[in-house]
Each structure stands twice: as C-alpha cells, then as structure tokens.
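Below is one structure; the comments refer to it alone.
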Amino acid sequence: MFRAAAPGQLRRATSLLRFQSTLVIAEHANDTLAPITLNTITAAKHLGGEVSCLVAGTKCDKVAQDLCKVAGVAKVLVAQHDAYKGLLPEELTPLILATQKQFNHTHICAGASAFGKNLLPRIAAKLDVAPISDIIAIKSPDTFVRTIYAGNAICTVKCDEKVKVFSVRGTSFEAAAASGGSASSEKASSTSPVGISEWLDQKLTKSDRPELTGAKVVVSGGRGLKSGENFKLLYDLADQLHAAVGASRAAVDAGFVTNDLQVGQTGKIVAPELYIAVGISGAIQHLAGMKDSKTIVAINKDPEAPIFQVADYGIVADLFKVVPEMTELLKKK
C-alpha cells in the first residue's frame, strides 16, 4: 500500500535536501587524481545539495583544475604545504576539521581505499561521531547501505549523527564525468603543521599492466597454480588481454605472489568488465572482493568449486592446458 506524502512533508524534505552539503576528500598523487575519487563524487551527488572537494598536497594545481571540470562539483578547496606531502592523516585531520568548522558540511566522505580508511576514522573521532565504512548505496541523506559477513548480507544503516562521515566502495558507483563541470576554486583554511609524523619516501613498482582496482579486465590465480613460477601463465594471458593480475588469499599466503595482488575481503575490491578466476575455489572472502564484476569466467578442474556458483561462464578443465591454449588463440587474433 502506498501513502502520499502531505504537502508539508514534501516541503520539509525539499528543504532538507537544499541544505545538504558534502565534502569529498580527494585522493591523488599531486599530478593525477585517483579514480576512486570520481566514484566518491557520484555517491556524494546522490545526497543532494552542494558537493565540494578538498585537495591537499604540495604541487596539486593540476588535480585541482581537473576537479573543477568534474560534473557535479560546485567548489574545490585547495591546500598546499610541504606538511601535506604523502597525504599523512595526522596532517590532514586538522585541515579537514578547520574546513568543516568554516563550511559546516552535513557529510564528509572519501573513497574506501587505504587512504580513506586511514583518514576518516580520525576525522570521525575528532568530531565525536560514528563513521560508516564501505557503503555500496545511499537511500537518503541519513540512510546508507553496506555489506556485512564477507558480503553475504546487506545492512541498511540509519545515521543520526550531526555530521555523517563515511567511506565509499568505488566499485559500487559509476565514476563522475571528468568534464562538463565549472566549479570555483579557492584556498582552504590554513592550519599549522602537526609535526608528529614525517613523510620519508615512496617506492612504486613500475608495471605496464593497469592498476588492479581500476582495470577493465582482471586475471586472478589461486592455490591451484601450485607455485609462484606458474603465475607466468597468468602474466602471459594478461598481457594479451591488457589485464591486471590478481590472486586469492590462499595464493598469497602460500608465497606465490606478493600481497599487493590479493583480491578479497582483506585485499582489494575489484569490479572489472571481465574477471577470470584461474585455479580459485571461491572462498567467501575472495568472492566478497570480486562478485560485482560484470562478467566472471572460472577455470577449475573441480566441478563442485564454489566459484562456479557466481561465474557467468565456467570451464571444468586442467588450467595448465586451458590457459596456454587461450593465450595462443589470443596471439593469433
């Protein structure tokens, strides 16, 4: 049975939306914006009201300019200081609190990446509110949806905090359009460096393959590959597909690959156009990290493997025969 809202209720709802304002904490590498920030902006737009982005860094003018062009962003706040090098949460927290004091946002959010998960709990603690982590949908300005029990159950959370602080699962929201916007840009509130931690260095592994969480195609291997050397089969296949390579926790724990390739509840969450699971049985923890993929292909010699329950296409066969055959066929195209 449906019940029509009274005119007064509609006016109050419209008024509430009008006064919503969301601050998105931008994740970036000074010259490039992290893709998850665009997904977070889309989530923020679902709340209604004005969306502002805070960019903190050392030489982040380009990122600020790029954000001004993003559809749906009304304002970009820029803070540049040597203290913000490396985006240390200890230094960013006072900046965000000062920004919140100035603009009185109703919502503060960031992507549910290592950056966001490290920063937002500090913000929430300082504001004395309970944060909401890893949301996958927004029902209203105070009602959010997230998964629990390794993705096997969905929880709807109603938040009555004065400021809603939450992190966004990037794979659950489309990326905001990188063009079409015309946001204004201004300097953010200045704060003194805290100085309790210092950014020293960062060493990035260079790879011709796309980054795992942003790749359109992912080829992942599990314990069925039997050794780290056999992961070369996946690397060869991935090269033909221009894909990223991932792994199950079992493969990581066995020492086959490093943990930066781990896909799953305790690893990285991915949702590519195509996910190929090779020699992966399909533990709940792994499924939680890839079940939102658009198309899932599973290769496993065990027909009872749980991975086939979520796969769109399944190949029950020896991976050591199938994967090289797939690679050779792709080479001939």
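Placed from the backbone N, Cα and C atoms, the Cβ positions cover glycine too.
Residues annotated as transit peptide in Swiss-Prot: 1-19.
Summarising the annotation, Swiss-Prot assigns region 'Domain I' to 20-204 and lists similarity to another entry as the type of evidence.
Under the DSSP three-state reduction, Lys59 (N6-acetyllysine) is assigned to coil, being neither helix nor strand. Lys59 (N6-acetyllysine): 10 other CB atoms within 10 A of its CB, across all protein chains. The annotation N6-acetyllysine is assigned in Swiss-Prot to Lys59 (among others).
Annotation source Swiss-Prot lists N6-succinyllysine at Lys59 (among others).
Reduced to three states, the DSSP call for Lys69 (N6-acetyllysine) is coil. For Lys69 (N6-acetyllysine), the same-chain residues lying six or more positions away in sequence with a CB closer than 8 A to its CB are Ala178, Ser179, Gly180, Gly181, Ser182, Ala183. Residues or ranges marked as N6-acetyllysine in Swiss-Prot: Lys69 (among others).
Listed in sequence order, the residues of the same chain lying 6 or more apart from Thr93 (phosphothreonine) and placing their CB within less than 8 Å of its CB are Leu119, Arg122, Ile123, Lys126, Val194. Swiss-Prot lists Thr93 with the feature phosphothreonine, giving similarity to another entry as the kind of evidence.
All protein chains included, Lys139 (N6-acetyllysine) registers 12 other Cβ atoms within 10 Å of its own Cβ. Annotation comment: Swiss-Prot describes Lys139 (among others) as N6-acetyllysine, evidence class similarity to another entry.
Annotated phosphoserine per Swiss-Prot: Ser140, in sequence order, evidence recorded as similarity to another entry. Counting only same-chain residues six or more apart in sequence, none has a Cβ lying under 8 angstroms from the Cβ of Ser140 (phosphoserine).
Marked as N6-succinyllysine by Swiss-Prot: Lys187 (among others). Secondary structure from DSSP puts Lys187 (N6-succinyllysine) in a beta strand. Within the same chain, residues at least six positions away from Lys187 (N6-succinyllysine) with a Cβ under 8 Å of its Cβ are Leu77, Val78, Ala79.
If you look up Swiss-Prot, you'll see Lys203 (among others) marked as N6-acetyllysine, on the strength of similarity to another entry. Lys203 (N6-acetyllysine) falls outside any helix or strand according to DSSP and counts as coil.
The feature N6-succinyllysine is assigned by Swiss-Prot to Lys203 (among others), with similarity to another entry given as support.
Per Swiss-Prot, region 'Domain II' is recorded for 205-333, and the stated evidence type is similarity to another entry.
Sequence annotations record features per position, and here Swiss-Prot assigns N6-succinyllysine to Lys216 (among others) based on similarity to another entry. DSSP classifies Lys216 (N6-succinyllysine) as coil under the three-state reduction.
In the shown protein chains, 18 other C-beta atoms lie within 10 A of the C-beta of Gln265 (FAD binding site). For Arg223, Ser248, 263-266, 281-286, Asn300, 318-319, the entry in Swiss-Prot reads FAD binding site, with the evidence type similarity to another entry.
For Lys226 (N6-succinyllysine), no same-chain residue lying six or more positions away in sequence has a CB closer than 8 A to its CB. In the three-state DSSP reading, Lys226 (N6-succinyllysine) counts as coil. The N6-succinyllysine annotation in Swiss-Prot covers Lys226 (among others), and the record cites similarity to another entry as its basis.
As annotated by Swiss-Prot, N6-succinyllysine applies to Lys232 (among others), with the evidence given as similarity to another entry. Sequence-distant neighbours of Lys232 (N6-succinyllysine) (same chain, 6+ apart, CB under 8 A from its CB) do not exist here.
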Report the nearest neighbour of Lys216 (N6-succinyllysine) in space among the binding-site residues Arg223, Gln265, Ala283, Leu319, comparing Cα positions.
-> Gln265
Between the modified residues Lys203, Lys216, whose Cβ has more other Cβ atoms within 10 Å than any of the rest?
-> Lys216
If you run the three-state DSSP split on Ala283 (FAD binding site), which class comes out?
-> coil
Among Ser281, Gln285, Asn300, which are binding-site residues, the residue with the most C-beta atoms within 10 angstroms of its C-beta | Asn300
Packing count at Val263 (FAD binding site) (other Cβ atoms within 10 Å of its Cβ) | 32
Within 10 A of the CB of Leu319 (FAD binding site), the number of other CB atoms across every chain shown is 23
Which whole-number value in Å describes the distance between the Cα atoms of Ser281 (FAD binding site) and Lys139 (N6-acetyllysine)?
-> 34
